[in-house]
Amino acid sequence: MLDPALLRQHPADLAERLRSTRGFDLNTAELESLESERKRIQVRTQELQSLRNSKSKAIGQAKAKGEDVAALMAEVAGFGDELKASEDALDVIRAQLEGIALGIPNLPAANVPAGKDESENVEQARWGTPRQFDFAVKDHVELGAPHGWLDGETAAKLSGARFTVLRGPIARLHRALAQFMLDLHVGEHGYEETNVPLLVNADSMRGTGQLPKFEDDLFQTEVGDSKRYLIPTSEVPLTNIVRDAIVDAERLPLRMTAHSMCFRAEAGSGGRDTRGMIRQHQFEKVELVTACSPEDSEAEHQRMTRCAEVVLEKLGLPYRKVLLCTGDMGFSAIKTYDLEVWLPSQATYREISSCSNCGDFQARRMQARWRNPASGKPELLHTLNGSGTAVGRAMIAVMENYQNADGSIDVPDALRPYMGGLERIG
């Protein structure tokens with residue numbers, strides 16, 4: 001959530017910044033009308049509260065003198081009814097203003113390139129050289145399906161489209177990748193391993209920005225009066241650990257990692273990536289989340305992105321690093337780097353990690369704060385999140401980049417300890 005002062009004091013300037021950087025149309029007329037009404041009702045509410053307090057004091061004094069207080073009591077009762085109505089009206093207006101605020105995306109950092117979509121993202125670096133094959137390259141489905149290692153048909157029978165059953169050595173490869181990533185981030189990068197719930201409440205989804213705007217992309221469960229959401233990423237529970245908390249400065253930065261299932265309805269994906277495991281309703285990811293002081297967030301962003309890069313480098317997977325333009329960034333981010341891994345079957349780079357600095361946007365929604373030793377007062381944290389990395393897409397990249405002419409797959413050196421020393425699949 002943006003600073004409410006921006007909405008109240010500079011709505012026109014804010015609207016122009018949102019339009020030019022995010023393509024977001026802020027209804028300033030509605031906003032200004034509601035804000036004017038809020039001020040009017042708030043002033044009247046405060047007047048009534050003051051009158052009630054003064055009359056209540058007068059009643060106490062009159063009673064002490066033994067005077068008749070019936071008239072005063074009737075007057076206060078009248079104030080009470082009007083005050084209750086005024087307070088209720090104020091709550092309604094505040095809820096409307098909050099609803100508007102919750103639907104406004106974050107403002108990009110000054111050093112984010114302007115652009116309308118992914119075609120205007122800016123490549124920052126490349127690592128590794130894509131392998132030149134002397135045989136016809138197969139995609140991950142052609143490599144895995146004939147052996148029954150990737151089974152979309154059975155998954156469709158069980159659950160429908162965009163699910164996959166993994167078996168045998170490919171299931172083991174998938175597990176090995178997740179374990180490798182966790183061990184790397186915990187052992188070498190200093191993140192605390194965390195096991196989080198896969199079902200969260202609406203407050204958690206609002207805190208990180210999935211609600212209210214992206215409800216159609218979430219899977220929900222309802223049991224009786226209890227409604228919960230399946231997490232689209234463990235960013236949600238990890239980041240919400242600091243919700244409604246004041247963190248001591250000595251504990252910062254908080255660096256957390258989790259390996260979890262993720263669930264996405266993919267409501268806006270249409271017919272994209274319907275083949276294989278590129279875009280699934282259920283997938284696994286190793287997530288990185290950091291909560292830190294504002295002055296450290298840019299350095300933590302660079303550090304987090306580097307941690308994700310190391311995963312790909314240790315696996316020997318060529319990739320490129322891209323700085324997203326204003327029109328391609330996520331709702332909550334002020335700045336985002338994507339890492340895109342080389343897929344030989346597509347002869348292109350595909351996203352495998354997205355690392356975002358959200359500034360104080362999520363922290364304001366969550367009331368996540370730290371105690372600044374310089375002032376002694378609670379101040380908003382900065383939060384960051386990144387994929388370290390998507391496990392299924394890493395598996396696809398390993399299968400395709402390490403394939404042989406006979407359809408077998410070499411196991412990267414970094415994964416062999418997790419595969420019982422196995423050097424080749426197939």
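From the backbone N, Cα and C atoms, a Cβ is placed for every residue, glycine too.
Per Swiss-Prot, the L-serine site holds THR233, SER234, GLU235, SER387; the candidate it also names there, chosen from GLU188, GLU284, GLU287, GLU340, is GLU287. The two recorded residues GLU287 (L-serine binding site) and SER353 (ATP binding site) have their Cα atoms spaced 9 Å from each other. The shortest Cα-Cα distance from ARG264 (ATP binding site) to any of the binding-site residues (THR233, SER234, GLU235, SER387) is found for THR233. Local packing around the binding-site residues ALA265, ILE352 was summarised as the count of other Cβ atoms within 10 Å of each Cβ; on this measure the leading residue is ILE352. Of all Cβ atoms in the protein chains displayed, 15 besides its own lie within 10 Å of the Cβ of GLU266 (ATP binding site). In the three-state DSSP reading, GLU351 (ATP binding site) counts as strand.
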